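A quick write-up on the structure given underneath.
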Amino acid sequence: MSELKYKRALIKLSGEALAGDKKFGIDPETVSNICREIAEVLEMGLQVSLVIGGGNIFRGLSSSAKGMDRSSADYMGMLATVLNAVAVQDALEKLGHATRVLSAITMQEVCEPYIRRRAERHLEKGRVVICAAGTGNPYFTTDTAAALRGMELKCDVIIKATKVDGVYDKDPMQHDDAVMYRQLSYIEVLQKNLRVMDSTAISLCMENNVPIIVCNMYKGGIKRAVMGEDVGTIVQGG
């Protein structure tokens, strides 16, 4: 068995990733492909918790900018993350991996409530834990939820799995001359306003000294990251 550098990881996925080329909604084939990448590290013995955004269905911040009440918009965004969580749960279980969705907003007919100790027990038993509905509070992003759950569940690393290979000085989708950073400090991310995660999430990771690895969700990026290989961009240290 390949050597893991980390025992427990929180993987953050954007909601948009689940839409594939459709840009909106959930594409089952794309979800299955992403889950196959996650299954690879599960089979290596990694304990995995997931936080998934909801931007493929509803984005609270942009809706509030268009006149909707911010709290109402954020709650709608949180509900969107539950839809995504159930879709990923279904795909992972089809691959043979027991998965539990734990929601910060109680909806007992659909998923379990998020209780930290319960989540830890699931992880210890080898189940995937998907933390849904953000923090359960408006004004907090799913990036912040990922950082918070990562701390609560004592994860060794937070992996932000994206469509690109790491963190760049500018958008690589729009600029061919974009340069990828191999390593950054938390302070550099904040000072340069790099779009790794929002500032609240970065600050939480900095205060608790939890590294963030930004890598491609495909190309075996997640597997290489948890093995400690030089992949993507790592954010750590002062």
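Even glycines carry a Cβ here, placed using N, Cα and C.
Copied over from Swiss-Prot, here are the features:
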type: BINDING; residues: K12, L13, S14, G15, G55, R59, T162, Y168, D171; note: ATP binding site
type: BINDING; residues: G54, D74, T135, G136, N137, P138, Y139, F140, T141, T142; note: UMP binding site
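For G55 (ATP binding site), the nearest of the binding-site residues by C-alpha distance turns out to be T141; the candidates were T135, Y139, T141.
Checking each of the binding-site residues G54, T135, N137, Y139 against T162 (ATP binding site) by C-alpha distance, the shortest gap belongs to G54. Once the Cα atoms of G54, D74, T135, G136, N137, P138, Y139, F140, T141, T142, the listed binders of UMP, are compared pairwise, the greatest separation found is 15 Å. Between the C-alpha atoms of T141 (UMP binding site) and S14 (ATP binding site), the distance comes to 11 Å. Here the binding-site residues are G54, G55, and the one whose Cβ sees the fewest other Cβ atoms within 10 Å is G55. Per Cα geometry, S14 is the residue among the binding-site residues K12, S14, D171 nearest to G54 (UMP binding site).
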